[in-house]
Amino acid sequence: MTDAKLSARNVSVFYGATRAIDDVSMDITRDEVVAFIGPSGCGKSTFLRTLNRMNDTVANARVEGTILLDGEDVYAPAMDVVELRARVGMVFQKPNPFAKSIYANVAYGPSIHGLARHRDDMDRIVEDALRRAGLWDEVKDRLDASGTTLSGGQQQRLCIARAIAVDPEVILMDEPCSALDPIATARIEELIHELRGRYAIVIVTHNMQQAARVSQRTAFFNLGRLVEFGATSDIFTNPVEERTKDYITGRYG
Amino acid sequence: MNSAAPLAARRRQRNAAERRFRLAALAAVCLSLGFVVFLLGTMAVEGARGFVETRVTLPIDLKAAGLTATDGEARFAAAIDDAATRAFGRNGPACLAEGSWMHLRDAVRQDPALLVRPGSIELPASSPVDVAAKHDGTPAAEAAVARLTAAGALSRGIDWAFLTGADATDPVRAGIWSALKGSLLTLTVTLLLAFPIGVLAALYLEEYAPRNRWTDFIEVSINNLAAVPSIIFGLLGLAVFLGTLHLPRSAPLVGGLTLALMTMPVIVIAGRNAIRAVPPSIRDAALAVGATPVQVMFDHVLPLAMPGILTGTILGLARALGETAPLLMIGMRAFIAAAPRGFTDPATVLPVQIFLWSDQIDRGFVEKTSAAIIVLLVLLLSMSGIAIWLRQRFEARR
């Protein structure tokens with residue numbers, strides 16, 4: 001309990017009158033990878049987006065309950081959204097690099113937060129982020145090329161580098177591999193293994209093998225509720241709930 | 001086999017319909033191209049003559065006339081009349097343009113040798129002679145042209161004064177520069193006002209404004225505003241800028257303000273469409289690394305929307321450049337004999353100048369009108385060129 005990085009308590013999310021998330025509570029610790037699985041429309045992406053308040057941009061979304069980041073209430077008026085998103089980074093389903101150079105893509109976050117004092121500092125941050133995202137060797141000779149000229153898998157790793165560059169504590173990944181081919185997917189999964197321990201990682205995925213491969217704990221969502229949350233090995237081999245079992249064996253959802 | 005025959009007939013029908021449609025479309029394209037070629041062709045042929053002036057070479061002996069460089073208009077004019085009568089007979093002075101004495105004065109100042117020994121000087125022909133020399137004129141002018149041609153005194157040259165001069169009552173001396181400068185000053189005011197306000201309004205409406213009845217009302221109003229006849233904007237300008245604010249009449253400042261009112265809705269609509277076309281994923285990406293909404297807008301949305309915004313702006317400005325009616329309402333139809341020096345000087349603009357010249361009785365103005373239209377078209381085409389260039393520049397950065 002005390003070493004929880006992110007902690008959700010009785011969280012419900014509404015879109016207008018529709019309840020998308022119903023009374024979800026969970027703790028995520030600082031050195032694990034947590035996978036969210038569940039059928040389409042079960043609310044796992046919605047829940048992910050409440051963790052760094054990306055749902056604020058949706059006009060009629062409303063959140064109840066509390067989400068604590070290191071014990072601080074994320075939805076408290078005193079919480080600065082800009083700082084929150086610097087601490088809780090996000091990678092999206094479709095690779096979405098800025099229409100700028102590779103260098104500028106990675107440098108954008110650090111520059112708006114003022115993390116680099118000199119050009120040299122920035123060069124170091126960019127190189128470091130690209131190395132950690134496993135992209136440095138592929139792009140070091142063409143940092144001025146547009147980020148959109150990269151392949152899909154490279155673009156997604158660029159997006160991960162962009163998120164890493166502001167040195168977050170948590171990285172949220174919303175189906176990061178669903179638009180990628182198997183080889184690019186394997187690259188991203190390797191990367192998640194390498195990043196584990198440095199950042200708390202939450203990954204939403206439709207691919208159950210992927211959840212089994214990359215995560216230590218898995219949460220199964222259905223119809224806006226958290227059905228089961230436990231060690232990944234238990235969820236996939238010995239689920240407690242009947243619905244979880246039906247879902248992972250492909251009988252349902 | 002039974003069902004194959006009706007199917008084949010139906011397929012033939014569909015193919016025939018396809019061919020008919022393509023022919024009709026092709027005909028429409030050819031027709032509109034034909035109109036454009038016809039318009040440009042007649043303008044080029046008519047207007048090209050407007051850039052050419054007929055000159056008369058006049059032998060002159062100023063020493064005999066006893067002229068000095070500091071003499072006034074009367075002495076120079078008398079000297080020219082005298083020389084023209086001696087060279088071309090009784091009707092000689094009428095063959096020369098009204099302001100010829102100024103050419104003589106300038107020539108003398110440049111080359112004082114003219115004062116001490118006989119020489120000759122090229123002077124612009126009068127409007128009737130100019131018209132008769134280019135095509136058919138009055139019988140008297142045709143006779144004068146015949147006489148001058150026989151004397152070998154007629155020549156032609158490019159009328160640089162047309163591009164650098166101001167409006168005049170004599171078509172030979174009328175120039176387009178005052179109207180061109182008036183247009184440029186007016187458009188500058190329009191651009192400086194309509195572009196930032198229009199873009200900011202578009203950004204606010206797209207990115208900040210909540211969706212409710214008020215914003216719906218504003219949206220409908222802006223769309224309607226873009227369709228309001230331009231003369232009504234002229235009336236608005238007359239009432240507000242001249243009537244209430246007492247700004248100077250006929251000034252590019254007021255013209256620019258009035259046209260800005262007209263151009264703004266066009267920029268807002270084009271801007272909103274361009275901003276809406278920026279993928280939401282880019283906004284998410286920027287927000288997710290901790291950008292504030294303003295940073296998202298200025299660092300990401302605006303650069304991506306810029307090509308579309310600029311295209312809309314230039315189209316709006318091109319429309320403003322060609323606009324006559326609202327400017328008539330605020331008095332920009334005055335006779336302007338000197339190019340405006342600033343935003344508050346009386347001025348006129350190209351389309352109004354064209355309108356004024358087309359109304360003149362003097363035949364010499366016909367080709368001046370066409371020539372002015374060519375200047376206007378060249379300006380419009382170069383604006384479209386700039387639009388295309390800007391678009392490609394911004395798209396290359398992606």
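Backbone N, Cα and C atoms are what each Cβ position is placed from, and that goes for glycine too.
What you see is a predicted model, and the numbers here were worked out from it, not measured in a lab.
Look at TrEMBL and you will find B:180-387 tagged as domain 'ABC transmembrane type-1'.
Among the features that TrEMBL reports, transmembrane segment is placed at B:21-45 (among others).
Within its own chain, the transmembrane segment (B:184-205) is flanked in space by residues 215, 218-219, 252-253, 255-257, 259-260, 263-272, 274-275, 297, 301-302, 309, 313, 316-317, 320-321, 327, 332, 340, 342-343, 347, 349, which lie at least six positions past its ends and keep a Cβ under 8 Å from the stretch. According to TrEMBL, the feature transmembrane segment maps to B:184-205 (among others).
Panel annotation: around the transmembrane segment (B:225-245), residues 254-255, 257-259, 261-262, 264-266, 269, 323, 325-331 of the same chain, lying at least six beyond its termini, place a Cβ under 8 Å from a Cβ of the stretch. Under the heading transmembrane segment, TrEMBL lists B:225-245 (among others).
As annotated by TrEMBL, transmembrane segment applies to B:251-270 (among others).
The transmembrane segment annotation in TrEMBL covers B:304-322 (among others).
Listed by sequence, the residues of this chain that lie at least six past the ends of the transmembrane segment (B:369-390) yet keep a Cβ under 8 A from its Cβ atoms are 40, 42-44, 46-51, 162-163, 176, 179-180, 183, 307, 310-311, 314-315, 317-318, 321-322, 350-351, 353-354, 357-358. Residues annotated as transmembrane segment in TrEMBL: B:369-390 (among others).
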For the transmembrane segment (B:21-45), distant same-chain residues with Cβ under 8 A (at least six beyond the ends): 370, 373-374, 377
Positions whose Cβ lies under 8 angstroms from the transmembrane segment (B:251-270), at least six residues beyond its ends: 182, 185-190, 192-195, 197-199, 201-202, 205, 222-223, 225-226, 228, 230, 233-234, 236-237, 241-242, 308-309, 311-313, 315-317, 319-320, 323, 326-327, 329-330, 332, 340, 343-347, 349
